[in-house]
C-alpha cells in the first residue's frame, strides 16, 4: 500500500476517498494509531494515543518509517507469545467510547487483523480511484509471491 501511495501526489493522498477516516493519509494514520493503542494495552509498550482519528504524519515517508517501526514491535510481541497466552483474558479500554471491556487475547488479535483488512480494502479502492499502480492484493497471490512452493498446484 505504501509503495502505491508513494506513487501519487500529496494532494491525492489528502483527497476524500469516502473511507471511514476520509483520505488515504488519514486512513494510514488511523491504522497506526489503533495499533499503538492496542500495543500500549497488550504489551505495556509505548504511549497510548488519545485519539484514533489524528493525523500524526502528513508526510508519507515519515508515516511509513513509523509504520515499519511499529510493525517490528507488533511482530516481536506476537513472536513472544506462547500457546497458553492466547487464551488469557485481556482487559482494555476503548478510545471513542470510554468503556473498559474484556476479551480473550485471540479475539483481540483477530480484531486487530480484521480491522486492518477492512481499512486496506478502503485504501485499495481509494488508491485505485486516484490513479495509483497497485500490485495484486489477494492473500493467495501474496502467499504465492512470498512462499513459492508452499502452495502446491494439484491440477
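Positions of Cβ are set from backbone N, Cα and C atoms, glycine also.
Please treat TrEMBL annotations as automatic predictions, because they have not gone through curation.
According to TrEMBL, the divalent metal cation binding site annotation covers 30, 115, 119.
With all protein chains in the displayed structure included, the most crowded Cβ environment within 10 Å among the binding-site residues 30, 115, 119 is that of 30. Cβ atoms within 8 Å of the centroid of the Cβ atoms of 30, 115, 119 (the divalent metal cation site) belong to the same-chain residues 20, 21, 27, 31, 34, 116, 118, 122, site residues excluded. According to its DSSP assignment, residue 119 (divalent metal cation binding site) is helical. In the three-state DSSP classification, residue 30 (divalent metal cation binding site) falls within a helix.
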